[in-house]
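All remarks here apply to the structure that follows.
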Amino acid sequence: MGYPKEGETIQIQSYKHNGLIHRIWNETTILKATELCIIGANDRTMVTESDGRTWMTREPAICYFHAKQWFNVIGMLRDDGVYYYCNISSPFATDEEAIKYIDYDLDVKVFPDMTYNILDEDEYADHKRQMNYPKEIDSILREHLNTLLHWIHQRKGPFAPEFVDMWYERFLHYTK
C-alpha cells in the first residue's frame, strides 16, 4: 500500500460493508501521511453521494485517519468553534487514487464545548441486518466507539485543543 505525499491532493472514498461506494470527497490536501496516520484538509470541496447527487462542503475541515482505530474524525472550523463529525469505520487504506474506508453507519457529532450526540443507531441496526455484519465486526465497532468517546472526554488526538488550528495553519500554506 503506497501512501500519499505531503502536499498532494487526493480523493477520500467511503464505501459500505457490501463494497458499494457511499460517498466521495473530490479534493483533500495531504498534510501528513505515515503508515499509522493520515491528516488531510479540504475547504469547499465537491462531495458526490452514491446516487450521483453532489454538494459542496461549507467550511474548512481537517480529516484524521488512523490505521489502528475503527473511526475517522473530521474537524470543521466554523465561526463559533470547531465541530467534529466522527465516522465509525474501518481503518483506512490508500492507493494512488484515494484514501478509502468502510463506513459503518454509526456517527458521533461533537460540539465546540465537547458535548456530543451519537447518531444513526437505527441505520446501523438496519444495515447490520441487511449486510450481515459479522459478530466480530459488531464487537470491534462497539469497542472503538467506546475508544472514540474516551478520546473525546480526554481531548486526545484530533480532539486536543490546538490540533485542528495547527493543521489548518499548515493547510493555508498549500492554498496560497
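Just so you know, the numbers here start at 1 and follow the chain as drawn.
A Cβ is built for glycine as well, from the same backbone N, Cα and C atoms used for every other residue.
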Worksheet, complete the sentence: Out of ASN87, ASN117, Swiss-Prot lists as part of the Mg(2+) 1 site with ASP103, ASP107 the residue ASN87
Worksheet item: What three-state class does DSSP give ASP120 (Mg(2+) 2 binding site)?
Response: coil
Discussion item. To the nearest Å, how far is the Cα of ASN87 (Mg(2+) 1 binding site) from the Cα of ASP105 (Mg(2+) 2 binding site)?
Written reply: 7
Worksheet item: Relative to the Cα of ASP120 (Mg(2+) 2 binding site), which of the recorded positions ARG23, ASP103, ASP107 have a Cα no more than 10 Å away?
Response: ASP107
Worksheet item: Who sits close to ASP103 (Mg(2+) 1 binding site): which same-chain residues at least 6 apart have their Cβ under 8 Å from its Cβ?
Response: SER14, TYR15, LYS16, HIS22, ARG23, ASN87, SER89
